[in-house]
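Q: These came from TrEMBL, pasted as-is:
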type: MOTIF; residues: 15-25; note: motif ''HIGH' region'
type: BINDING; residues: Cys130, Cys133, Cys147, Cys150; note: Zn(2+) binding site
type: MOTIF; residues: 300-304; note: motif ''KMSKS' region'
type: REGION; residues: 511-545; note: region 'Disordered'
type: DOMAIN; residues: 557-659; note: domain 'TRNA-binding'
Amino acid sequence: MLSKRKTFYITTPIYYPSDKLHIGHSYTTVAADAMARFKRLTGYDVFFLTGTDEHGQKIERIATEKGMEPKEYVDRIVAGIKKLWSILDISNDDFIRTTDERHKKAVQKIFKKLYDQGDIYKGEYEGWYCTPCEAFWTERQLNDGKCPDCGRDVELIKEEAYFFRLSKYQDRMMEYIKNNPEFIQPPSRQNEMINNFLKPGLEDLCVSRTSFKWGIPVSFDPDHVIYVWIDALSNYITALGYETEDDSKFKRYWPADVHLVGKEIVRFHTIIWPIMLMALGIELPKQVFGHGWLILEGGKMSKSKGNVIDPVILVEKYGVDAVRYFLLREIPFGADGVFSNRALIDRINYDLANDLGNLINRTVTMIEKYFGGCIPAPQEEGDYDRDLINMAVETPLRVEELMNKLQFSNALSEIWRLIGRTNKYIDETMPWVIAKDENSKDRLGTVLYNLAEAIRIISVLISPFMPNTPRKIWSQLGIKDENLGTWESVLKWGNLQPGIKVSRGQPIFPRIEENGDNKTDVLQKQDRNNEKSSEGNKGKTVKRENNGNADYITIDDFAKLDLRVADVLKAERIEGADKLLKLELDVGGEKRQVVSGIAQFYSPEDLEGKKVVLVANLKPVKLRGVESQGMILAASDKGDKRLAVLTIDRDLPSGLKVT
Ligand code: MSP
């Protein structure tokens, strides 16, 4: 009889549909993917879920502004998100959309069940609502009258609504967290939940809205749509077929082994979600892991602040495996981490090009030079061999232990320790010296075999983090046998068969030459922009020069300016004019061409997709022979050393008048 394989169910949060998911969003998904791949490698039957959280007032508003149906709008965005995951080699087993019929029906049943058993009741809600965050706040929670999460304006809303009795489950929830120390990770987040939310007491949660329509209707009271968290959190079980005819996946994979979430949504996942499950009589997930944020100078990366890094640009520039490696290696999972170009380039040059790349290159070159390209058979064990072999077979166990604690960065450090050890083995054994002695052919063969076998083990260990690199290493080492890529094969030394033919190829990770062809212009610009914005915040006072008789303009003077929101459709350099960029703009459906002297501060990619402010009634002129139909606004200092283009930080339609 076949024994039942152990299962592993891992989820990311479901993402709000946004045109551009940034590298911060990619961080959660890349981490979940590495974990899913690691568990598959170590023999688990894995289910890895991600998806999109598509309902809510904000989406409804944006779609209306664009003159689209919400579904039409989200369909387009979701296609982009799926594409991004494929670019990042994400191996999810399912992609749940909260607009899927399977999800909507199950959520309606969940809501009805909670209502029928008295855990949801009807009342009246009055509270402060932050539309961008889709969160209600009490007066007490507001920060200077603004949303405590994003600092934006909130509106006072009063309406009939359904409520979920969180308060009834408060004590059980507290007990559960105390009795299950593994449930909330890292442990610091556990204290935060107990002290900041559970101890002060839970208020019942508003779970329906009547002020907008874009949501799942309450089946027995269709004027209400189900408020976002009940809808969103249920995805983790609706994707498994909970409350459908086929709930075999639910039976197989639930409870989830780990929900990976960013720290700002730990609260929803460790209080509301488990209470929902308790009320439904469903087992709780084994763990919720709240990771930190990827930040740039100026704070958490976010589209509205304009300080985002686009993962697609990074992947195009450096390759997907280098980006994945950087994200998982640089920042200990759980803590916040600063994203910087310097750190990324250093990781690529030192860890990938130098440590790993050179190891492979040196080994393959020596096998070609001394053994005609055939991996030699090892003979008697000699000096230094045991140390390398011991470390190579112990590393997988250490990596497994760390991965089980989601310590991606430490797991990679262990692998790099082995890479470092293998490089040191070359220096210790000095194959080029052995090669000079005709009688030491056996010893030379043993050394080179050991190097090739260590590299094979390394290639398997890195595969969850860098899914494309092992194939490239294998092609250089000449390995074709899939059995050499299994977890079992790395727990024992010596599985590599001598006699296979190596073939040296291009360096797997070319060094990034910062002043050469490989210039990191896009990133440098992104950095410079961020520096500029943080300098701009340093509270400089602006002196207004006037002679006491203020040189004001009247509102009528100002009204002469026709300022408009414009979308940058395309940007390109102008040959022979190193300061100028030619921009193609959309201004409420009308196309405009503008030439702007910003090429030393922005590359075309920086601007495409941005919303800028156009002086639309400026007399057209020709600059370097190219017609410019208006001017975009930018701020700069006198010496033109620093410059920033004015952009619109909300998704307003182009053509709107700026007043
Ligand atoms: N839709 C909700 C989640 C519902 S789950 C039932 C949501 N979506 S989100 O798109 O705003 O964020 C998705 C994930 O991306 C969150 O875990 C969030 O923490 C993560 N990140 C967004 N920006 C981030 C960084 N700058 N750094 C790291 N992670 C970040 O929240």
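Note: Cβ is positioned from N, Cα and C throughout, glycine not excepted.
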Q: Cys130 (Zn(2+) binding site) has how many other Cβ neighbours within 10 Å of its own Cβ?
A: 21
Q: List, in sequence order, the residues of the same chain other than Cys130, Cys133, Cys147, Cys150 whose Cβ lies within 8 Å of the centroid of the Cβ atoms of the recorded Zn(2+) site.
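A: Everything else in range on the chain: Thr131, Pro132, Ala135, Trp137, Lys146, Pro148, Asp149, Gly151, Arg152, Val154.
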Q: Which sequence-distant residues neighbour the motif ''HIGH' region' (15-25)? Criterion: at least 6 residues beyond either end, Cβ under 8 Å.
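A: For the motif ''HIGH' region' (15-25), the nonlocal Cβ contacts are 50-54, 58-59, 73-74, 77-78, 80-81, 84, 262, 293-294, 300-303, 308-311, 314, 323, 327, 339, 609.
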Q: Write out how many residues of the motif ''HIGH' region' (15-25) are helix, how many strand and how many coil, based on DSSP.
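A: Across the motif ''HIGH' region' (15-25), the residues distribute as 3 helix, 1 strand, 7 coil.
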Q: Within 10 angstroms of the C-beta of Cys150 (Zn(2+) binding site), what count of other C-beta atoms is obtained when all protein chains are considered?
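A: 17, counting other Cβ atoms within 10 Å of Cys150 (Zn(2+) binding site).
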Q: Out of Cys133, Cys147, which of these binding-site residues shows the lowest number of other CB atoms within 10 Å of its CB?
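A: Ranked by other Cβ atoms within 10 Å, the binding-site residues Cys133, Cys147 bottom out at Cys133.
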Q: Tell me, by DSSP, whether Cys147 (Zn(2+) binding site) is helix, strand or coil?
A: coil
Q: Check the domain 'TRNA-binding' (557-659) for me and report the mean pLDDT.
A: 87
Q: What three-state class does DSSP give Cys133 (Zn(2+) binding site)?
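A: DSSP call for Cys133 (Zn(2+) binding site): coil, neither helix nor strand.
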